[in-house]
Amino acid sequence: MVMEMDSAEKRLNELGYKQELRREMTFFKTLAITFSSMAVFTGTPLYGQSLLYAGPASLIWGWVVVTFFTWFVGIAMAEICSSFPTTGSLYFWAAHLAGPRWGPFASWCCAWLETIGLISGISAQSYSGAQALQVIILLSTGTNKGGGYFAPRSVFLCMYVFLIFVWAVLNSFALKVIAYLNIISIWWQILGGMVVIIMLPLVARPTQPASYVFTHFEMSPEETGISSKPYAVIMSVLLSNYCLYGYDTAAHLTEETKGADRTGPTAILSSIGIITVFGWAYNLALTFSIRDPSYLYDVNNETAGALVPAQIIYDAFHGRYHNSTGAIVFLCIIWGSFFFCGLSVTTSAARVVYALSRDKGIPFSPIWRRLHPIHKVPVNAVWLCATISTVLGLPILKLNVIFNAIISISTVGWVGGYAVPIFARLVMAEKNFKPGPFYLGKARRPICSVAFLWICYTCSAFLLPTLYPITWNTFNYAPVALGIALSLIMLWWILDARKWFKGPVRNIDYQNGNV
């Protein structure tokens, strides 16, 4: 009996790749991992900073604006994903869409941007998880005012490294293990998110009036050093920019997903839809529940001013029940979101490193492309990503601004990687594009144009200084780190890689339906 070939596997063969990874993922499992990469609570560490820049109105309406433009990016990527259901995803798309002349260079740029973004994305989630855990321990041992234990930098770093280690171990097993964990994740985040979103304002009564949440604009130049209103608004919207990406995870899993030419695009758009609603509702719940805005940033408050949403949640429960138990439970829900998000980002990062190694684009490629003989997962790529992410966190011991640098590097790399295939799709001749089931037709030019311009804005915003005056403790190190990394990558291209890197390397010949 001859099994009918999956439509996505057939398209994969046409593109020049044989099926090596196990194609066992369903739509729901793919959605679960993609949704986990975005996460309902992922913007929690940036909430206080965003609120400080321009007040609640800018933060709340900024989410709506960013969501609107994010849909353009997601729709543009969904169309490309439908046509190219491969694990290499973005850089593979860039190579084919840019054509034979520019394809290798476009693929090289996209691959390295994506790799930088995803690996630093692991670091960002590990930092967020360690910060939430730090506050949970503080509240569990008596609060900052009650002599609770506030983990010093060295212990914080240990928590950071431990989370990355756990994610790497779990990603060393068969993908179905990660898929099951992420099914838990999607219910954890949806049900946990609903509990936090609904219960927090109810517990915090009386809440802030709607006029405060939706119309109050207030700058804090004495804390931020920023007196320009447009600049302050741009900074306050960074929370939304940071939260609303990661949906390309569905594309990284397409070689392991059944019917990926349909399920991949659907998972991308479904994830954006869910985060659009839940993310805005979470921001509203926090903002309505604020008791004393100025007290949130006091280093002598119960959470040591370390995490503003934690103080909002603590104030709500302590004000109503005179204990911190409810706040600890809610923070555990938020910590779980970071844990599952980091787990999914590690999965994506390893797939990108594996795909690039398969195409000989990374030093020592034969090592990183090696699959586990039983589980068929790129275990060496997993541990390479984990090692680099660990190294990125070492400055935690000395610098206060390391988190801002990490999320800036992650966002610019990750979202910047989106720009290359979208721009190539925008300028290519339509006759050279073989559409998949999800096809935009004549709408692709306006959609891709808006998407590309929005990505350029987002990347530029994350490279701006976040605090003034600029000192060693306020400097945004992301432009320097990215500048050095990208300069070395471009130098490598000019001196050597352009001679041998031709983009995705076909490993089969598929003609007339025969492999």
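Glycine is treated like the rest: Cβ placed from N, Cα and C.
Listed in TrEMBL:
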- 27-48: transmembrane segment (TRANSMEM)
- 60-81: transmembrane segment (TRANSMEM)
- 155-174: transmembrane segment (TRANSMEM)
- 186-204: transmembrane segment (TRANSMEM)
- 267-290: transmembrane segment (TRANSMEM)
- 327-356: transmembrane segment (TRANSMEM)
- 377-396: transmembrane segment (TRANSMEM)
- 402-427: transmembrane segment (TRANSMEM)
- 447-468: transmembrane segment (TRANSMEM)
- 474-495: transmembrane segment (TRANSMEM)
Which bits of the chain, at least 6 residues beyond where the transmembrane segment (474-495) starts or stops, bring a Cβ under 8 A of a Cβ in it?
105, 108, 112, 116, 225, 399, 401-402, 404-405, 408-409, 412-413, 462-468, 501
Seg_contact(the transmembrane segment (402-427), the transmembrane segment (155-174)) with at least 3 CB pairs under 8 angstroms, min sep 6:
no
Answer with yes or no whether the transmembrane segment (186-204) touches the transmembrane segment (267-290) by the criterion of at least three Cβ pairs under 8 A, sequence separation 6 or more.
yes
Selection from 60-81, 186-204, 327-356, 447-468, the stretch that has most Cβ pairs under 8 A to the transmembrane segment (155-174):
327-356
Best-contacting stretch, by C-beta pairs under 8 Å, relative to the transmembrane segment (447-468) and drawn from 60-81, 186-204, 327-356, 377-396:
60-81
